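J.: Let me begin by handing over the structure; questions about it come next.
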Amino acid sequence: MLNAAILTTVLACGALLLYPKLANAPLWRATITPLASIIGSRFLVLGPILGVSLGLYAPLVMLALVVIAYGFGSAIRYNIGRIDAVAHRPALVEQIEPFASMVLAFAYIISVGYYLNLFGAFGVSLTAFDTPYYAKVLTTAVFLLILIVGWTKGFAALERMEQISVGVKLAIIGGLLCGLAIHFGDTAQNGALTFNAASVTGWSAVTLIFGLIVTVQGFETSRYLGRHYDAQTRIRSMRLAQVLSTLIYMVYIVLLAYAFAPGTITLDETSIIDMMAIVASILFSFSTSSCGPDIRSSCPLSEHCHAMPCRATDAAGPTCSA
């Protein structure tokens with residue numbers, strides 16, 4: 001019954017996102033790029049990081065993160081409108097902008113490389129090729145695909161690929177939230193909700209929270225779509241992307257923070273897979289191992305990760321314990 005509810009939710013979300021009036025709407029197409037940047041692979045690691053490190057305070061920290069991000073977004077939206085309204089910018093600004101663009105391009109290479117590495121870890125964790133080597137092979141292959149498509153077909157082709165990937169991703173997230181909501185309800189009905197103390201406190205918690213700002217950024221990509229969308233469309237689409245991502249993140253963290261007993265959450269790139277095994281088999285149906293290889297060294301937040309060995313349990317799936 002649970003699997004059927006999750007599958008129905010996934011299909012319903014997919015059908016909605018494929019609806020022509022939505023899929024072809026300029027505002028939605030402009031929203032896809034910032035939304036894809038905000039909710040990427042980081043979505044999967046954010047829940048375990050907040051749940052283990054900050055415990056019952058995880059939703060409050062998540063709220064603070066999205067509020068800070070919205071403030072940054074407001075500043076960028078102001079800049080978009082201001083640049084569009086001014087016919088000629090100062091000469092110094094015109095001279096500095098190309099240099100700033102080069103710095104930003106280099107930063108994005110690092111960012112995209114890291115998140116593709118995260119994608120590689122998830123991709124091979126569901127197969128028999130669950131090793132760091134094959135994770136890097138998959139990462140490199142996807143990197144080359146993006147490079148070739150962008151170089152030969154341009155932005156329109158990349159946007160179309162992004163639209164498909166975002167649609168699939170949002171449909172799966174819808175199913176995941178459905179499963180978590182049912183699991184949360186069952187846990188609450190059984191009086192088993194947990195309110196764990198934070199395992200990271202003091203200055204370490206402050207630095208962790210500042211480090212997690214990267215998980216809610218990405219909305220700034222709207223600033224660089226000026227060749228394809230006017231200023232007002234970019235402003236509205238960035239705001240819409242931030243509102244949608246805020247709703248998704250808040251629901252996700254609330255459902256995750258209080259419905260899993262201590263020791264069932266680990267801090268590695270693929271720990272969400274093990275957690276979903278507890279919720280429903282359909283969310284774990286392709287997994288062939290309980291935990292992936294230890295590749296925490298690639299994570300910029302690794303100093304906050306505490307390794308926990310995995311152990312097999314009953315048919316509900318594997319869990320991890322300290």
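Backbone N, Cα and C atoms are what each Cβ position is placed from, and that goes for glycine too.
Nobody curates TrEMBL annotations by hand; they come from automatic prediction.
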J.: TrEMBL lists transmembrane segment for one of the ranges 10-31, 164-185; which is that range?
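T.: The listed stretch tagged transmembrane segment in TrEMBL is 164-185.
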J.: At an 8 Å Cβ cut-off, counting only pairs 6 or more apart in sequence, do the transmembrane segment (197-219) and the transmembrane segment (47-72) clear the bar of 3 or more pairs?
T.: yes
J.: Taking the transmembrane segment (47-72) as the reference, which of 133-152, 164-185, 240-260 gives the largest number of Cβ pairs under 8 angstroms?
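T.: The stretch with the most contacts is 240-260.
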